[in-house]
Amino acid sequence: MASDPSPLQDLCVADKNSPVRVNGFPCKDAKDVSVDDFFLAANLDKPMDITKSKAGSNVTLINVMKLAGLNTLGISMARIDYAPKGQNPPHTHPRATEILSVIEGSLYVGFVTSNQANGENKLFTKTLNKGDVFVFPEGLIHFQFNPSYDKPAAAIVALSSQNPGAITIANAVFGSNPPISDDVLAKAFQVDKKAVDWLQAQFWENNHN
């Protein structure tokens, strides 16, 4: 079993310049800690740019890399903006449960269970409106989609890790470096190798340009 370590002191502000390598970050000397280690002018009240994303979304993540005071506290957050018909594609957070609240528009959201004894992966979905809350269990594949043709949407999320990580399924499978063998993927997805090669070309271009 593994999770973010529980703090053994009041605070352990991340010392990102330390040569010491630990699971997380070593603590900054307490005498060097200031209030700004716990503050970030993140502008999460403002819509973020969604024009550069082919998926039509923008995730503004506030984790320990952005806010050093989060070190050892086991929490982070994000604002997610969605264009009309935009989505946060199927992905997982290997180290965190996520709880989401819609602050603008509506979202169609869901997650899929791990492989069950009967061979199934059950899908749980819900359409959320402004003010609604939904939770995505740790490590499970999940997504959000804005069903509106003409209105943007936005959400605020909290995650149970200072560094939750994200694995976007399509990017990881079809855009890895070096690429996964098309023989492997053709067999796994039960499709022709030409289809795999085409998909890899799309995601390779997106991921490595």
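For all residues, glycine too, the Cβ spot is worked out from N, Cα and C.
What TrEMBL records for Cys12-Cys27 is disulfide bond. A 10 Å cutoff on Cβ-Cβ distances gives Cys12 (disulfide bond) a total of 22 other Cβ atoms nearby, all chains included.
Annotation source TrEMBL lists domain 'Cupin type-1' at 42-197.
For Glu98 (oxalate binding site), the Cβ neighbour count at a 10 Å cut-off comes to 24, with all displayed protein chains included. What TrEMBL lists as oxalate binding site is Asn88, His93, Glu98.
Annotation source TrEMBL lists Mn(2+) binding site at His91, His93, Glu98, His142. There are 21 other CB atoms within 10 A of the CB of His142 (Mn(2+) binding site), with all protein chains counted.
In sequence order, Ala55, Ser57, Val59, Ile80, Tyr82, Phe143, Gln144, Phe145 constitute the residues six or more apart from Asn88 (oxalate binding site) in its chain with CB-CB distances below 8 Å. Summary of the Mn(2+) site environment: with the site residues His91, His93, Glu98, His142 set aside, the chain residues having Cβ atoms within 8 Å of the Cβ mean position are Thr92, Ala96, Phe111, Phe136, Leu140, Ile141, Pro164, Ala166.
Here the binding-site residues are His91, His93, and the one with the most other Cβ atoms within 10 Å of its Cβ is His93.
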